[in-house]
Amino acid sequence: MDGASAEQDGLQEDRSHSGPSSLPEAPLKPPGPLVPPDQQDKVQCAEVNRASTEGESPDGPGQGGLCQNGPTPPFPDPPSSLDPTTSPVGPDASPGVAGFHDNLRKSQGTSAEGSVRKEALQSLRLSLPMQETQLCSTDSPLPLEKEEQVRLQARKWLEEQLKQYRVKRQQERSSQPATKTRLFSTLDPELMLNPENLPRASTLAMTKEYSFLRTSVPRGPKVGSLGLPAHPREKKTSKSSKIRSLADYRTEDSNAGNSGGNVPAPDSTKGSLKQNRSSAASVVSEISLSPDTDDRLENTSLAGDSVSEVDGNDSDSSSYSSASTRGTYGILSKTVGTQDTPYMVNGQEIPADTLGQFPSIKDVLQAAAAEHQDQGQEVNGEVRSRRDSICSSVSLESSAAETQEEMLQVLKEKMRLEGQLEALSLEASQALKEKAELQAQLAALSTKLQAQVECSHSSQQRQDSLSSEVDTLKQSCWDLERAMTDLQNMLEAKNASLASSNNDLQVAEEQYQRLMAKVEDMQRSMLSKDNTVHDLRQQMTALQSQLQQVQLERTTLTSKLKASQAEISSLQSVRQWYQQQLALAQEARVRLQGEMAHIQVGQMTQAGLLEHLKLENVSLSQQLTETQHRSMKEKGRIAAQLQGIEADMLDQEAAFMQIQEAKTMVEEDLQRRLEEFEGERERLQRMADSAASLEQQLEQVKLTLLQRDQQLEALQQEHLDLMKQLTLTQEALQSREQSLDALQTHYDELQARLGELQGEAASREDTICLLQNEKIILEAALQAAKSGKEELDRGARRLEEGTEETSETLEKLREELAIKSGQVEHLQQETAALKKQMQKIKEQFLQQKVMVEAYRRDATSKDQLISELKATRKRLDSELKELRQELMQVHGEKRTAEAELSRLHREVAQVRQHMADLEGHLQSAQKERDEMETHLQSLQFDKEQMVAVTEANEALKKQIEELQQEARKAITEQKQKMRRLGSDLTSAQKEMKTKHKAYENAVGILSRRLQEALAAKEAADAELGQLRAQGGSSDSSLALHERIQALEAELQAVSHSKTLLEKELQEVIALTSQELEESREKVLELEDELQESRGFRKKIKRLEESNKKLALELEHEKGKLTGLGQSNAALREHNSILETALAKREADLVQLNLQVQAVLQRKEEEDRQMKHLVQALQASLEKEKEKVNSLKEQVAAAKVEAGHNRRHFKAASLELSEVKKELQAKEHLVQKLQAEADDLQIREGKHSQEIAQFQAELAEARAQLQLLQKQLDEQLSKQPVGNQEMENLKWEVDQKEREIQSLKQQLDLTEQQGRKELEGLQQLLQNVKSELEMAQEDLSMTQKDKFMLQAKVSELKNNMKTLLQQNQQLKLDLRRGAAKTRKEPKGEASSSNPATPIKIPDCPVPASLLEELLRPPPAVSKEPLKNLNSCLQQLKQEMDSLQRQMEEHALTVHESLSSWTPLEPATASPVPPGGHAGPRGDPQRHSQSRASKEGPGE
């Protein structure tokens, strides 16, 4: 080819260097406009699309060195269906076929094989441009040296860029999953977060939107591929290209992925239906397929014909045809089977699924923002220049002529291009003939492909046999797993039986050891009894100190409980705050959504306002021109219409640009908002999950609360039963000793409990920290937590009710304890009879205490063992899962190996077929060479004809220019005439208007004067009649006569002036009528002149149209010439390339044979390795199964041990709980036991004497036994004389055996009683726990009651103080009143009724008690639990007594007052005695009534 394609490669290189917004550094200057201005924008859209899909892709034309990085060959040669016309183009290929060349290049082998194959397929690459067409203007081709330099530079640079790019993209994509083929909206939130899930858009879907300029003319070789340089307008389009959808954002590897066969078949077929017929068929016809795919491709070509006929535009889109070849090859490469081939990146195989994926939305938005910033200034400059052109075209008078000249230039370009089209359509028809021949070859090749399908059937049968083997292996695996499960079940059963037998054995051993220990302890206890009494006294003092410590601990626990309640309330307040914050955030989100909608509406309204302002600007300019040239309105209507059309087009362009910019801005804003909303949604999802977990925890807490309530009730019942049993079985000494031991154990337990509570406090602090960390998560869970809070409140109410019930039960228990204490006193009398049993039980209790401690140690050790076993079990489970996954991977690898083997067999057959096809290609290439030589000769003849035509065209040009100059002169003269006529017409109209106005004014003035004169005349006539009447009556008055004469003279003057005015009016009317006739004549003359000028204009238009036709024909001929010259140059270069390709193909055949042999050897080695690997994996699987069985046995044994340990642990915990329960009962007994301690010491002394006697008797019995044994031996040695003594000895021995049996029975009974007592102790411990909790709750309640009662007491004290003061005041008043009454005369006293003596009672409350009451309360004792109830009872008693006393006092005062009030009217003193008492009595009554009301109420 010539240097123009190299320049295109340079432009592609510059574009890929600088990105979509940068211009090439050395742009080509255009020879002239290529298309009319009204089609420039359409061409720009198409070119922009091509620049975005091809120019920016790194897999564009001119790429070499694709050997190292690219798809590994599924078979080591190109597809067998290629003939010479479909070979890929070399480094100087046009951009229109970039994708197809790239596919062919990628289907080649590794770096070692690629160099030879690239040379061998040179002619295939360079013959492809004959199938493509690109319309561009011609420039002089570059020199050959410069062309070679450009080619080399482009090739080197593209090789480097491709290597770097592929490695980088593979590193980025190695971790990403394969893309989904689902179709989604680009605004889907899931796709915003996971952009790799977007469907892959084919380049056809992009070019389809902008293929405005397609033509239905059959095409020959593409102009761009024939060596013509691209029009410089592409530089602008690359700059002003807009991003209209996410498909335009596709990164550089999307083309690589599509060309590699990753484009889905449905997308490709859809795109190919919308191609032009010749561009689709040119590639489809050269690839042999199976009959199904052949029919499909014929259908697609027919659909392409129909689509191209429907789309009736008269130009071409080269980018569209280039995309069509890529899409078509995407289908074909899928049918051949190269879609899933792995890629080579630096020698490593990478699966094809990882290529061709989209970048993230973030990268896309950043790139769009950068491009938008780069393009903003240039786009604004273009818009401003267009606005200036609009204003200038509208405002200037010469705009019509300029637009006509531009139209002429555009039409000339159009005719020249149509000439090129005619020349190229001839070549296209020849290409269609070649297509028919190639289709015949394709039918022949399809038969060969059927033979290949039969071979694939045989390989499929072999694959079926292998799959059956895999199924048998799977069946064996299932059988093994079943056997494993059966063995595991058997092992578990055996282990369980073993464990039960072991447990029985251990129990038997423990019983034996206990019996032996009891026998020994009975001997030891005799000696230790003396020491125990001394120890008991010390333990009593220690127990009192321990009790005080326990009470202190109880107070600390209550304070901790209050602190935890305060923390819970603070957390609830924090939760409410977060709920409010959540509501505020939701409102803010709604507000933001509304603001976004308002912004969008504002943008739309701004766009509408912009358009409206532009239209107003245009309309104002048109009004300005119309006011200046109103007379030229009809003459310039056509020019104004053209100007309006052009202005509308430019306005639409500017508005479209602004809409696009606003659209990109809105899309970016929407993307950002959507990402924010997605973040919020994820956060809310997390919060919902946490809320669900919290709800589950709340449900668990509720369940535990219910269980505890049930346990509490059961324990209360058991407690009652146990108390009944205790009354029957306990003795005073036993209860004392057990209480001492129980207090010791309880002290230990309380210490452990304290440690647990401290641990719980630390865990609560940890949970508080966690809650503070999870504040953000709790925002969404607040709504759910409300319901939880309500349920918790209900639970709290239930707990309060439960606490009330428990407090009642506690009081009942206290009463029962009082009763039982009496029973205990009764039982103390029976201690002497049950001393032996008590000693045995005490020994058993000590043993059980030791056993409990041993159980604890065993439980802790076994817990550790269980945790270790759980960890080992988890580890083994994870190893099992890994082994299973490895087994699945081995099966998958085996299947892939079998599939690879069958694929390689198919590839070998295809390679052989392809070698036969290449020989046929050589022959067809030789035929083409002969045809080209004949075509060259015909082209030389055409060239001579073209020279003659150009000379004739030059002469015609000169004539046309002269005619155009003459027409312009005539048009300017005509314009001047029209202007003059218009100015004359306007001046005449103005004069007419002024004269008409003056005439109307004069007529108005005259009519007013006439009316005035008429009115004066009527007045004068009336006066005259009056005077005449008066004159008739009185003829004597001369003065009246004179006045009448004067009036008549006046009347004559007025009539004279009236006649003058009428004459003037007639003259004015005549003058105005003459002027009107003259103006009408002038207007008629002007209209005649206007008609003449219109006829002259029509003649000028006819001349201009003829000139245009001649110029268009001239340009048409020029276009034909250029098209012929281009095709001539292309054919010459194509001929030379075909000659070089013939030699390279022969060398390529030898290379292909070697590669096939190497591939077969490598495949056999891989098969052998896979077999070895499968065998090794099966062996390792069997070993792992054995390991798993052994581990399962171990796990089963560990489970049995864990169950045993759990039982022991439960028994120990029950014992501990019973011990705790008994603690409170024993606390009440401690004081009584202290009193009984002295009695017990005396009894102990007696008991020790009895024990000493028993021991002495035992020693005597043993000595007698030894003596008897000696005597027996002596008697046996002697004659049997002492048979009687032997019988006596036997009888004594039987008695001893009976005593031993009775002792054993007593031991058994004591064991049973010990067990019962242990159970009772465990239940007592549990009761103690529950009572502790209830006591804590009671403490909180009693504290509240205490505060309330203290407040009431303070009120009562205040009332008492006021009552005392009022009482004293009343007494004083009464004494004064009595003294006054005594002083009055006795006569008055005797005449009045005798006054009853008033007796005011003293205050019933003593002064000492009042002082004590009015004093501040004493300090609270340090033992609140013991003293609270007594304090409360005292307070209640005091309140009741105070209230009763106040009521009695109020009644007495009221009675005394009522008895005293009847005396008041009888007394005639001015100040009666009741005068003082009355007003004071009322407040007294009020205060008394108030006190009486407050008393019961309180």
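Using the three backbone atoms N, Cα and C, a Cβ is placed for every residue, glycine included.
Sequence annotations record features per position, and here Swiss-Prot assigns N-acetylmethionine to Met1 based on a large-scale study or a structure entry.
According to Swiss-Prot, the feature region 'Disordered' maps to 1-118 (among others).
Residues or ranges marked as phosphoserine in Swiss-Prot: Ser18 (among others).
Look at Swiss-Prot and you will find 27-36 (among others) tagged as compositional bias 'Pro residues'.
Annotation source Swiss-Prot lists phosphoserine at Ser57 (among others).
The compositional bias 'Pro residues' annotation in Swiss-Prot covers 71-81 (among others).
Marked as region 'Interaction with GOPC' by Swiss-Prot: 121-141. Mean pLDDT for the region 'Interaction with GOPC' (121-141) in the predicted structure: 47.
Sequence annotations record features per position, and here Swiss-Prot assigns region 'Disordered' to 166-195 (among others).
Look at Swiss-Prot and you will find 172-257 tagged as region 'Golgi-targeting domain'.
Annotation comment: Swiss-Prot describes 173-184 (among others) as compositional bias 'Polar residues'.
Marked as region 'Disordered' by Swiss-Prot: 216-325 (among others).
According to Swiss-Prot, the compositional bias 'Polar residues' annotation covers 269-291 (among others).
If you look up Swiss-Prot, you'll see Ser272 (among others) marked as phosphoserine.
Feature annotation from Swiss-Prot assigns compositional bias 'Low complexity' to 315-324.
Taken from Swiss-Prot, the feature phosphoserine applies to Ser385 (among others), supported by a large-scale study or a structure entry.
Positions annotated as phosphoserine by Swiss-Prot: Ser389 (among others).
Residues 629-632, 635, 1075-1076, 1079, 1082-1083, 1086, 1089-1090, 1093, 1096-1097, 1100 of the same chain lie 6+ residues outside the region 'Disordered' (974-993) yet bring a C-beta within less than 8 angstroms of a C-beta in it.
When the Cα atoms are compared, Ser983 (phosphoserine) and Ser465 (phosphoserine) turn out to be 105 Å apart.
Residue counts for the compositional bias 'Basic and acidic residues' (1440-1452) by DSSP state, with H, G and I taken as helix and E and B as strand, are 13 helix, 0 strand, 0 coil. Broken down with DSSP, the compositional bias 'Basic and acidic residues' (789-801) shows 13 helix, 0 strand, 0 coil. According to DSSP, Ser465 (phosphoserine) sits within a helical segment.
Broken down by DSSP into helix, strand and coil, the region 'Disordered' (974-993) contains 20 helix, 0 strand, 0 coil.
The local packing around Ser465 (phosphoserine), expressed as other Cβ atoms within 10 Å of its Cβ over all shown chains, amounts to 10.
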